[in-house]
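> Provided herewith is a single structure, encoded as structure tokens, for subsequent inquiry.
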Amino acid sequence: MEQRKALTTAKMRKMKQDGVPITMVTAYDYPSGRLSEEAGVDVILVGDSLGNVVLGYDSTLPVTLDDMVYHTRATVRGAANTFVVADMPFLTYHGSLDATMQGVGRLMREGGAKAVKMEGGAEIAATVRAVTEAGVPVVGHLGLTPQSVHQLGGFRVQGRSSEQAEKLLSDAKAIEEAGAFAIVLELVTDELAAWITKQLSIPTIGIGSGVHCDGQVLVYHDLLQYGSDSAPRKFVKAYANIGETIRAGIGEYVKEVKARTFPAQENTFHMDNDVVQYLYGDKE
Ligand code: KIV
């Protein structure tokens, strides 16, 4: 079978021009990367949502650059033919440009990412410019930006007022002008996401931002219901319930071990009879 080739930023722009939706999903390790690639997603995001869905934190803030490098490397091993984007974690791109570049370098060199994602608007445009000018593709992230959750006052829909809408549009333009090749719009009203999408020449990738974005992204654990404590959210659609499948499978295993019905004969290895006789025959 012919191996598929990873998308390029130029192809993604062409997809926008041609009205072909871009599919993105998060992944965090070898199996999630591999299954996502096999399912045919266009772009994988190693999101810092790994803090919530994999590492058990209550926000993305504790996620470190080491965490991101480790999980990006594992994901890329499973999805070598997919365009993989890695998140720059909290406060790793707000200090010196040198420190930012070191972080970007680690995600690309050690992690194997093809691009990085950064949250923020005009205030990070200079950083986005410097990183793209260094040859690294950047995805922007606007709207509900989880790294600023405490400043935003919670996880709420963005862009309902005209002031918010104007600010988001000008931020999107600033990030595009700085050289980003795509922008994630998270929890932005449908109308505003459509307007921003129309105004930009780079693709928008929506999450909770309506159907008019150029692409969609969902968190792996949300779309598969993988985990036990995530409350259903309006913008998520569950396409499977693997959490339930896993719980039931492990529950069955526990039952069978307690009942000594596992391992059964077909799971068991035996010695030849004469060896058994030689070792134990006289003692029985
Ligand atoms: O970290 C993440 O998973 C993200 C997506 C929600 C876009 O940023």
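Heads up, the Cβ atoms here are built off N, Cα and C, so glycines get one too.
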> Of Asp42, Asp48, Asp171, which does TrEMBL put in the Mg(2+) site with Asp87, Glu119?
Asp48
> When the Cβ positions of the binding-site residues Asp48, Ser49, Glu119 are compared with the atoms of ligand 1, which fall under 6 Å?
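The qualifying binding-site residues are Asp48, Ser49.
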> Where Asp87 (3-methyl-2-oxobutanoate binding site) and Glu119 (Mg(2+) binding site) are concerned, what is their Cα separation in Å, rounded?
9
